[in-house]
Protein chains: 2
Amino acid sequence: MTTEPKWHYENFEPTGSSIGYRITRKLDEVQSPFQKIEIFETTDWGNLMLIDGAVMLTTRDNFLYHEMMSHPALFTHAAPKNVVIIGGGDCGTLREVLKHEGVVEAVQCDIDEQVTRMAEKWFPELCDHNGDARAQLLFDDGIAYMANRPAGSVDIIIVDSTDPVGPAEGLFNKAFYESCFRALREDGILVQQSESPLMLLKLIQEMRAEMGKAGFQSFKTLPFPQPCYPTGWWSCTLARKSAGGFEFREADAKAKTFDSKYYNAGIHHGALSTPAFVAQALGE
Amino acid sequence: MTTEPKWHYENFEPTGSSIGYRITRKLDEVQSPFQKIEIFETTDWGNLMLIDGAVMLTTRDNFLYHEMMSHPALFTHAAPKNVVIIGGGDCGTLREVLKHEGVVEAVQCDIDEQVTRMAEKWFPELCDHNGDARAQLLFDDGIAYMANRPAGSVDIIIVDSTDPVGPAEGLFNKAFYESCFRALREDGILVQQSESPLMLLKLIQEMRAEMGKAGFQSFKTLPFPQPCYPTGWWSCTLARKSAGGFEFREADAKAKTFDSKYYNAGIHHGALSTPAFVAQALGE
């Protein structure tokens with residue numbers, strides 16, 4: 001039995017725009033204690049995960065997001081050893097972090113175990129490093145994890161969460177950032193997904209302001225293409241515990257021994273070259 | 001009288017994805033001898049132009065496309081003086097070209113005068129340089145224009161057309177590229193919009209092959225964000241008449257005296273840093 005493909009549209013109210021996919025069938029669905037997770041098969045984008053109706057990732061384009069959430073931060077830090085990922089239950093960011101041989105500990109703390117179970121089943125390529133001895137998969141509250149993490153024990157914190165509504169709301173405020181600040185070493189870096197640089201600069205401003213109240217000293221927002229998110233253009237924001245710039249280990253990035261599909265040293269350089277309209281909005 | 005905003009969706013069959021906008025009202029509509037042009041007012045993207053139902057541009061994000069269709073090519077050429085734009089009837093590319101003080105002639109040849117009339121009315125900010133003494137607006141067949149243009153009289157040709165179907169189909173084949181090759185000086189550069197680097201690499205390969213048959217020697221595809229086009233990620237492809245690389249006048253780009261909202265030297269550098277998956281597909 002075959003059925004006609006149907007179009008699934010997600011309307012983004014804050015941006016007044018919409019992204020849709022041609023869907024062949026629903027593959028799976030689970031209602032976890034936190035959210036509803038659905039998996040669809042598409043005609044051109046591989047599998048598609050929705051959480052509470054919002055597109056989280058597709059097979060086809062998730063590499064852009066996962067590479068840009070990890071490599072710029074890890075190549076900015078001089079020698080990252082201890083990495084914590086808050087959220088990131090699909091394991092794609094963890095996979096990229098583990099490509100850095102200097103990393104000795106990579107904790108992924110997502111509140112919802114079902115996200116990882118669905119990723120293992122429908123995005124197995126993202127989970128192929130979950131057995132790495134350096135990886136630790138926790139299914140727990142990321143806010144509590146950071147509050148309890150020993151002071152000065154982390155080099156990089158990656159906040160790879162859903163938007164600041166629902167379960168992820170507490171990951172965008174001063175209290176959470178204070179825990180991160182405390183847990184980081186002096187040269188530590190916090191990196192968080194920070195929405196669309198075209199349409200949601202107000203959110204980036206607010207995020208930076210909260211990070212600043214928690215003690216973070218300097219900030220840099222790196223834009224990158226991300227077709228499945230609103231406006232198709234996304235960003236991560238890096239925050240440094242100590243004052244300092246965001247020059248990166250360009251020679252190491254150029255000589256990297258692992259594969260990446262999007263990230264390279266030149267793209268990192270380009271992402272650091274803030275467009276004038278973004279710089280203006282962020283007061284840089 | 002107010003009406004509820006409605007969602008307008010454009011389904012892109014070749015990519016299996018869709019982009020939509022929240023529309024408040026239709027502002028204008030004209031059926032030209034070539035195509036149907038419609039203007040809508042959106043809640044968040046300013047005005048929106050559709051041609052035969054396909055999104056051409058919005059007030060909010062057109063700067064990305066227009067800057068990337070012009071500045072990389074003009075800063076790659078050592079001293080561009082004579083520039084021809086084929087298509088580009090909204091005048092946004094012309095506006096960017098005229099920002100280069102060394103340009104002495106900028107011809108815009110679009111087959112459809114109605115596109116320019118609608119741009120003057122609904123995107124007046126793109127047309128504010130049309131009175132420049134160096135600008136020449138022709139409403140004619142771009143294929144014929146290039147066939148008749150004197151040999152060796154052009155430094156940069158910018159093909160700023162719709163997709164390779166309908167009126168623009170003849171702008172993507174060997175015969176047209178041969179006219180361009182002949183019209184360019186030895187150090188001349190052809191630049192053409194080349195669709196999505198994520199989903200439409202086959203088209204870029206075919207375009208490069210046709211350009212090669214016409215004699216063009218070297219090629220470079222530069223990706224850039226473009227939220228209103230399929231996948232939100234777009235590209236332009238530069239072709240050189242003579243063998244050579246695509247190093248650009250980086251010092252001049254850094255010292256540019258005109259404003260741009262997206263383009264800067266670092267972003268140009270980043271756009272030249274072809275992602276691995278694109279390089280692989282294009283055999284670079």
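Glycine is treated like the rest: Cβ placed from N, Cα and C.
All annotation found in TrEMBL is predicted automatically rather than curated by experts.
When B:His8, B:His66, B:His129 are compared with the spermidine site residues B:Asp90, B:Asp160, B:Ser161, B:Thr162, B:Asp163 in TrEMBL, the one appearing in that site is B:His66.
Of the residues B:Gln35, B:Gln217, B:Gln226, TrEMBL places B:Gln35 in the same S-methyl-5'-thioadenosine site as B:Asp110, B:Asp141, B:Gly142, B:Pro167. Secondary structure at B:Asp90 (spermidine binding site), as computed by DSSP, is coil. Rounded to a whole number, the C-alpha distance linking B:Asp163 (spermidine binding site) with B:Asp141 (S-methyl-5'-thioadenosine binding site) is 16 angstrom. Take the mean position of the Cβ atoms of B:Gln35, B:Asp110, B:Asp141, B:Gly142, B:Pro167, the recorded S-methyl-5'-thioadenosine site; other residues of that chain with a Cβ within 8 Å of it are B:Phe34, B:Gly87, B:Gly89, B:Ile111, B:Asp112, B:Ser161, B:Ala168. Proximity note: of the listed binding-site residues (B:His66, B:Asp90, B:Asp160, B:Ser161, B:Thr162), B:Asp90, B:Asp160, B:Ser161 have a CA within 10 Å of the CA of B:Asp110 (S-methyl-5'-thioadenosine binding site), given in sequence order.
For B:Asp110 (S-methyl-5'-thioadenosine binding site), other Cβ atoms within 10 Å of its Cβ number 27.
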